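To start, the structure under review is shown below, and the notes come after it.
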Amino acid sequence: MPAGGFSVSAPAGVEFEAKITPIVIISCIMAATGGLMFGYDVGISGGVTSMDDFLIEFFPTVYRKKHEDKESNYCKYDNQGLQLFTSSLYLAGLTATFFASYTTRNLGRRLTMLIAGVFFIIGVIFNGAAQNLAMLIVGRILLGCGVGFANQAVPLFLSEIAPTRIRGGLNILFQLNVTIGILFANLINYGTSKIHPWGWRLSLSLAGIPALLLTLGALFVTDTPNSLIERGHLEEGKRVLKKIRGTENVDPEFNEIVEASRIAHEVKHPFRNLLLRRNRPQLVIAVLLQIFQQFTGINAIMFYAPVLFNTLGFKSDASLYSAVITGAVNVLSTLVSVYSVDKVGRRLLLLEAGVQMFFSQAIIAVILGIKVTDHSDNLSHGWAIIVVVLVCTFVSSFAWSWGPLGWLIPSETFPLETRSAGQSVTVCVNLLFTFVIAQAFLSMLCHMKYGIFAFFSGWVLIMSVFVLFLLPETKNVPIEEMTERVWKQHWFWKRFVDDDEHTLNGDAEKNGKISNGKHGV
């Protein structure tokens, strides 16, 4: 692969030389397999929970409800235990995130990815060999620990190793692999649903493939220069920087990372530092992006796509097939984001997607409200196709906007001194609300029926207004220059950064006067 060269401009006239080197591309591809594992875990549960063999083994009451005509179409899968099978992964990931923040900062991004891979492998063994519900849940919890560590380390790794000009595209490799993982899971579920009675075991066990890829990838990639320098390995950090940038002239970028690291080491309590006024813009945006990402309703559709289509009257094979179609649309649309995010910017993608997601969900709500009742399925073949097309329209817009950008923007906006803590909060909030949606969706579907889609479309409208007025553009801004070039220039957020600096300067002047007074100057 030839290395293409370019320079990244810093605000003070400094130029950071950076070539698109093979080692950067390979490292990013290897690291992004963490997304492949996450996506597979997201996609596999919905298909497995729609398989009769799996339900007979672990959830016989759901199996009986599924085949009883007297049960409401919307309530066939309303079971807290079944939802716990899916959601326990995210609750475990939420807890693991706090430990992952420590390992990411003190042991490095690479070792944290290795820990994630080990958790994934052990979790896969438990799930594939599960003999009872407890063993099944323990396996999901171990997978969740892997998700917590991987989602903490991988976005940081990608943001730090990538040259500024293609940082967005390379970072989105993580989300692209998430979508590929979901597609693979849907394809495998479609095949294994025909293998009786152990097809579900094969579905769960094949998660071992991405788990092994992540573990091997973590063994062979190098850690980021930012992480090495932050941990005091200056010479090794400089050597790695030269290697990944493909040039000997790395002093300007190296010096900037060293300075950022020096400031980071002055912060003894990064989580407490996150709450300082000057860090509030990044924190508020990171938290809200995660909440909004989940309240688009995407995970409700991706977790339970086969179950959802089954509820709408699709037969078992047709529901799995429709889930495969939405998974394929998800992958192809994420490629749009990889290509366009560093060209058109983050804001434009989010705003366009907001319009597309709002109308697709609103129309689905209207169709289901008219055509699908509690006890009769009036969704004809033509209307069923329209619903699948609308779901694909929704999924495609999410895949080039809120999906990848919900991870990209937080990973590139926090300063180095709070980056690990900030990423930890980002992952934590994401997994918390993923857990809430996963645990509640089937019950919400039972009680709100078609109104669930109107509920999510309302949230899409709210988040689009937030993007329009309060989300700044971060396209092509060097990662260590966000404060000067983004937050201090934004009409709303600059008051937080400027006010905090004035306070710090005032305290410094006051301390200087006291010191001078003591010395009689």
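Using N, Cα and C of the backbone, Cβ positions are placed for all residues, glycine too.
Per TrEMBL, the feature domain 'Major facilitator superfamily (MFS) profile' maps to 27-475.
The transmembrane segment feature in TrEMBL is assigned to 20-40 (among others).
Among the features that TrEMBL reports, transmembrane segment is placed at 81-99 (among others). Residues of the same chain lying 6 or more positions beyond the ends of the transmembrane segment (81-99) and with a Cβ under 8 Å from any Cβ of it are 41, 45-46, 49, 58-59, 62, 119, 133, 136-137, 140-149, 151-152, 303-304, 424, 427-428, 431-432, 434-435, 438-443.
Here TrEMBL flags 111-130 (among others) as transmembrane segment.
Away from its own ends, the transmembrane segment (136-158) comes close to residues 27-28, 31-32, 34-35, 37-38, 41, 58, 84-86, 88-97, 99-101, 103-104, 109-110, 112-113, 115-120, 122-128, 130, 167, 170-171, 173-174, 204, 207, 211, 214, 221, 224, 407-408, 410-411, 419-420, 423-424, 427, 430-431 of its chain (Cβ-Cβ under 8 Å, at least six residues beyond either end). Summarising the annotation, TrEMBL assigns transmembrane segment to 136-158 (among others).
For 170-188 (among others), the entry in TrEMBL reads transmembrane segment.
Residues or ranges marked as transmembrane segment by TrEMBL: 200-221 (among others). Sequence-remote contacts of a segment are chain residues at least 6 beyond its ends whose Cβ falls under 8 Å from one of its Cβ atoms, and for the transmembrane segment (200-221) they are 26-27, 30-31, 33-34, 36-37, 40-41, 44, 47-48, 51, 53-54, 57, 110-111, 113-114, 116-118, 120-121, 123-125, 127-130, 139, 143, 146, 150, 157, 181, 185, 188-189, 192.
Here the transmembrane segment (283-307) has Cβ contacts under 8 Å with residues 42-43, 45-47, 49-50, 77, 86, 182, 186, 189, 274-275, 316, 319-320, 322-323, 326-327, 330, 357, 361, 391, 394-395, 398, 402-403, 405-406, 409-410, 413-414, 422, 425-426, 429-430, 433-434, 436-438, 441-442, 452-453, 455-456, 459-460, 462-463, 466, 470-471 of the same chain, all six or more residues outside its ends. Sequence annotations record features per position, and here TrEMBL assigns transmembrane segment to 283-307 (among others).
What TrEMBL lists as transmembrane segment is 319-341 (among others). Among residues of the same chain six or more beyond the transmembrane segment (319-341), those with a C-beta under 8 A of the stretch's C-beta atoms are 43, 46-47, 50, 168-169, 172-173, 175-176, 179-180, 182-183, 185-187, 189-190, 193, 301-302, 305-310, 349, 388, 391-392, 395-401, 403-405, 408, 475.
For 348-370 (among others), the entry in TrEMBL reads transmembrane segment.
Annotated transmembrane segment per TrEMBL: 382-403 (among others), in sequence order.
Residues or ranges marked as transmembrane segment by TrEMBL: 424-444 (among others).
The transmembrane segment feature in TrEMBL is assigned to 450-471 (among others). Sequence-distant contacts of the transmembrane segment (450-471) (same chain, at least 6 residues past either end, Cβ-Cβ under 8 Å): 285, 288, 292, 295-297, 300, 346-347, 350-351, 354-355, 357-358, 361-362, 364-365, 368-369, 372, 402, 409, 441, 444, 492-493.
Tertiary proximity for the transmembrane segment (20-40) is limited to same-chain residues at least six positions away from its ends with a CB under 8 Å from its CB atoms, namely 1, 3-6, 113, 116, 120, 146-147, 150-151, 153-154, 157-158, 161-163, 166, 170, 173-185, 206-207, 210-211, 213-214, 216-218, 220-222, 243-246. Counting same-chain residues at least six beyond the ends of the transmembrane segment (348-370), those with a Cβ under 8 angstroms from any Cβ of the stretch are 296-297, 312, 337, 340-341, 383, 386-387, 390-391, 393-394, 396-398, 400-402, 405, 449-454, 456-457, 460-461, 463-464, 467-468, 471.
Sequence-distant contacts of the transmembrane segment (170-188), counting only residues of its own chain at least 6 positions beyond either end whose CB sits under 8 Å from a CB of the stretch, comprise 24-25, 28-29, 31-44, 47, 154-155, 158-159, 161-162, 202-203, 206, 210, 302, 305-306, 320, 323-324, 326-328, 330-331, 333-335, 337-338, 341, 399, 403-404, 407-408, 411-412. Panel annotation: around the transmembrane segment (424-444), residues 77-80, 82-84, 86-87, 90-91, 93-94, 97-98, 100-101, 104, 144, 147-148, 151-152, 271, 274, 283, 286-287, 289-291, 293-295, 297, 299-300, 303-304, 307, 406-407, 410-411, 452, 455 of the same chain, lying at least six beyond its termini, place a Cβ under 8 Å from a Cβ of the stretch. For the domain 'Major facilitator superfamily (MFS) profile' (27-475), the mean pLDDT of the prediction comes to 88.
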